[in-house]
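Per Swiss-Prot, the features are:
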| type | residues | note |
| --- | --- | --- |
| BINDING | His12, His14, His197, Asp278 | Zn(2+) binding site |
| BINDING | His14, Asp16, Gly170, Asp279 | substrate binding site |
| ACT_SITE | Glu200 | active site, proton donor |
| SITE | His221 | site 'Important for catalytic activity' |
Amino acid sequence: MIDTSIPLVDLHRHLDGNVRVNTIWELGHQHGIALPADSLETLAPFVQIQGKETSLVAFLKKLDWMVGVLADLDAVKRVAYENVADAALSGLDYAELRFSPYYMAMNHKLPIEGVVEAVVDGVKAGLKDYNVKINLIGILSRSFGQAACTQELEGLLAHKQHLVAMDLAGDEMGFPGELFNEHFKRVRDADLAITAHAGEAAGSQSMWQAIQELGATRIGHGVNAIHDPKLMEYLAKHRIGIESCPTSNLHTSTVASYADHPFRTFMDAGVLINLNTDDPGVSAIDINHEYRIAKSELKLTDAELAQVQRNGVEMAFLSDSERKALYAAKV
């Protein structure tokens, strides 16, 4: 099912959406933070999906517990380290971990730039202990507004040498992409790649805006593109990658069922698309789960799954030499 001769990658993976349940428990007790449960076992339903949520916003509330225990920069560093470990232990050869320093900092008023530094330090420590390639993507959390995103952007750009790209995430309907055009002009000026959450809660126009105005070369989720034939044609022609996260889309009620997921429609249209976990800690999944689902529920053949793996390597924010090195390591 997973072709071991092809690098296995996860490109849409939120670092702050992958905090271990036991880490939430331990950090909560260490810092005297009131948790919603009185045991590790009963904590899980508050931080992980049980079935599916009614909306993206309800899903995101699970994430609040994950960042709610980040009481100091050591906690941030620990979570970053464990993200590297989890990526390696799930069999990934390469992962792009994205994170929102404003979101991670806000509960305990941590310095935004300090959060970025702690994430970088935690990832570096993890890479000394685990055999996996990791790159970082900074997130601007649109839900907190333009001013907050300016603070976030400045904290991230201060460490731009440790990033490969910037992302726009959060409440797509309430805070449309055009509010952040100036932010992403600065991202382009910094020579960072751009991806954006779009076409998840909003329609195809959100994707057009992300591509044409923000400068996105990849789109997170993008499920609503299928209702716009011109956009589908554009995506295929220009090799705009779709970072697909089927289980997350089910959990957020973006799609009603796996059978309703448009993954097959994208593939049949020749759109570059790959499989990702999104918030693996919240969804309680790993990349292997997504490939199993793609075969059993999305009805992809082994040959198609191998193409999806190759797509992921092509879509990755890597140089050609780095891509070749990933393949060479599989021989």
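All positions are counted from 1 along the displayed chain.
Quick reminder: no glycine exception, Cβ is built from N, Cα and C everywhere.
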Between His197 (Zn(2+) binding site) and Gly170 (substrate binding site): CA-CA distance (Å): 8
Among Glu200, Asp279, the one of these recorded positions whose Cβ has the fewest neighbouring Cβ atoms within 10 Å: Glu200
Cα separation, His221 (site 'Important for catalytic activity') to Asp278 (Zn(2+) binding site) (Å, whole number): 9
Cα-nearest neighbour of His197 (Zn(2+) binding site) within the listed recorded positions, Asp16, His221, Asp279: His221
Cα-proximity to Glu200 (active site, proton donor), 10 Å cut-off, over recorded positions His12, His14, Asp16, His221: His221
Coarse DSSP state, helix versus strand versus coil, of Glu200 (active site, proton donor): coil
Additional residues surrounding substrate, by Cβ distance to the His14, Asp16, Gly170, Asp279 centre under 8 Å: Leu15, Gly17, Leu60, Leu63, Arg98, Phe99, Ser100, Tyr103, Ile139, Ala169, Asp278
Chain-mates of His12, His14, His197, Asp278 with C-beta within 8 Å of site centroid, Zn(2+): Arg13, Gly17, Arg98, Asp167, Ala169, Gly220, His221, Glu243, Cys245, Ser248, Asn276, Asp279
Count of other CB atoms lying within 10 Å of the CB belonging to His197 (Zn(2+) binding site): 28
Neighbour tally for Gly170 (substrate binding site), based on other Cβ positions within 10 Å of its Cβ: 22
Nonlocal neighbours by CB distance (under 8 Å) for His12 (Zn(2+) binding site), same chain, sequence gap 6 or more: Glu96, Arg98, Thr195, Gly220, Glu243, Ser244, Cys245, Asn276, Thr277, Asp278
Neighbouring C-beta atoms (10 Å sphere around the C-beta of Asp278 (Zn(2+) binding site)): 28
C-beta crowding around His14 (Zn(2+) binding site), within 10 angstroms: 29
Asp16 (substrate binding site) CB neighbourhood, other CB atoms within 10 A: 26
Pairwise Cα distance for Asp16 (substrate binding site)/His221 (site 'Important for catalytic activity') [Å, integer]: 18
